Amino acid sequence: GWYMGTEIGVRDFCDYQRYNILEEVGRRMGLETHKLSSLWKDQALVTINVAVTYSFQKNKVIITDHHSAAESFMKHLETEFPPARRLPADWDWLVPPMSGSLTPIFHQEMVNYILSPFFYYQPDPWMTHVWRNGEMCLKKQQISFKAVARAALFSSTLMSRVLANRVRCTVLYATETGKSQTLAQRLNSMLNCAFNSRLLCMEDYNFSDMEQESLLVVVMSTFGNGGSPGNGESFKKQLFSLQYLRNKSRYCVFGLGSRMYPQFCAFAHAVDAKLEELGAERVTPTGEGDELNGQEEAFSAWALTALKDAYKEFKIQGQLSLQLPGAERFCEAWDPLRHRVAVESCPQDRITALSAIHSKAVLPMKLKSKHNLQSPQSSRSTILVELERERSPEVMDFAPGDHVGVFPGNLPQLVAGILKFLPQTPPTNQCLRLGYRSDTFRVMRKTGRLLDASQHSLCLRHSPTSWTLP
């Protein structure tokens with residue numbers, strides 16, 4: 001019922017069609033929301049449900065958890081019904097929306113059937129009521145099948161004319177797990193708003209259509225040792241056996257893979273190189289999505305860039321602002337109606353802010369020394385960097401071969417020298433936070449990205465990671 005914790009904590013708060021706060025909670029908890037294998041969804045979900053149960057109990061409102069409800073139902077089955085007699089039960093409705101096989105009801109076999117006579121959901125009374133006054137009753141308008149057929153034909157004719165004037169586009173995908181297909185379907189829906197786009201699997205693609213393509217978009221994963229998925233083998237053989245293209249079409253490629261393997265996105269780069277060799281024109285640089293590091297975010301950013309480049313290439317203007325879910329965070333243009341900067345009430349120091357942004361432990365260090373281990377005559381460069389750790393309660397845990405990420409900072413003297421040339425500079429100890437308004441929720445949401453410490457830190461302390469100061 002309504003007062004079972006999971007109905008509120010899972011369904012109401014975490015369903016995509018409802019409040020959908022799961023990712024926001026995960027970011028505030030400092031979880032790696034860009035990597036599904038970190039199981040951040042499960043951790044955030046449990047935390048939300050614990051908070052819901054605690055808030056009800058704190059205010060002395062009765063609520064039950066899903067484990068207690070499941071055990072209570074199993075006890076009800078044992079005591080009320082003998083073994084030879086069973087009543088209908090709907091497994092989908094009775095099993096809680098979290099914990100799965102940890103609840104005993106998950107393993108209970110059920111049969112869902114209807115015993116007659118049976119009262120279904122009550123129909124609308126005004127549809128079945130017998131009106132005493134005939135003028136008040138609802139009169140159904142009779143529409144002939146011929147009229148419906150004419151309307152459908154007219155609509156399809158108009159749509160065909162609109163699509164005929166659009167640029168043809170084909171979205172191809174090759175996948176083993178279905179991830180590439182999901183992303184390709186999402187991209188195809190966006191392209192259909194401005195192009196005459198179609199979605200095909202590589203094995204279903206008629207390769208003779210390659211000469212007539214205006215825009216070819218390829219979304220694929222890499223399988224095995226840099227090879228193609230099973231449904232992309234035929235396309236790969238035909239493409240790499242091709243010598244030239246008479247029609248120099250445009251194309252763009254997005255590859256999916258995992259950096260755990262040495263041949264990361266090798267198939268995508270091979271297809272990109274072959275199309276370029278055949279003379280096709282690349283619309284946007286090849287994108288890469290790492291399964292272990294923000295694959296969805298990488299695809300969203302690449303898709304927006306590809307759409308903008310395609311619009312510019314084919315001179316398409318006046319189109320709607322198309323975005324993927326959550327892609328408003330990748331928008332480069334400042335929109336006062338969508339973005340705002342607010343003063344952070346609880347300022348964070350620079351190390352804490354960087355740790356929260358990247359969901360990793362960041363330790364303050366100073367550069368002690370650096371030496372080039374190669375000889376001056378060598379064309380190679382191997383630099384030994386020694387870092388001196390500052391005082392910090394954090395324990396440094398590492399293993400040989402680990403990679404190191406560095407967030408360099410500028411000298412305070414350089415920062416102060418540049419700040420004096422900027423008009424109306426805010427206090428150097430002021431923290432700002434960027435907020436954006438989502439298309440799904442018409443409210444300002446925090447990005448989780450603290451504009452660390454003012455103009456002093458934001459513009460000058462962190463700027464070397466993005467560009468070079470004069």
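Cβ coordinates come from backbone N, Cα and C, glycine included.
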Which of CYS169, CYS193, CYS265 belongs with THR175, GLU176, THR177, LYS179, SER180, SER221, THR222, SER258, GLU291, GLN295 in the FMN site listed by Swiss-Prot: CYS265
Cα separation, TYR121 (heme b binding site) to THR222 (FMN binding site) (Å, whole number): 50
Nearest recorded site to TRP93 ((6R)-L-erythro-5,6,7,8-tetrahydrobiopterin binding site) by CA-CA distance, among binding-site residues TYR3, GLU7, THR175: GLU7
Spatial neighbour of ARG11 ((6R)-L-erythro-5,6,7,8-tetrahydrobiopterin binding site) that is closest, considering only the binding-site residues THR175, THR177, HIS403 and their CA atoms: THR177
Entry from the binding-site residues list THR177, THR222, GLN295 having the most other CB atoms no farther than 10 A: THR222
Fewest-neighbour residue among binding-site residues, criterion Cβ within 10 Å, set ARG11, ARG380, HIS403: HIS403
Reduced DSSP assignment, HIS403 (FAD binding site): coil
Distance from PHE106 ((6R)-L-erythro-5,6,7,8-tetrahydrobiopterin binding site) back to GLU7 (L-arginine binding site), taken between C-alpha atoms, in Å: 17
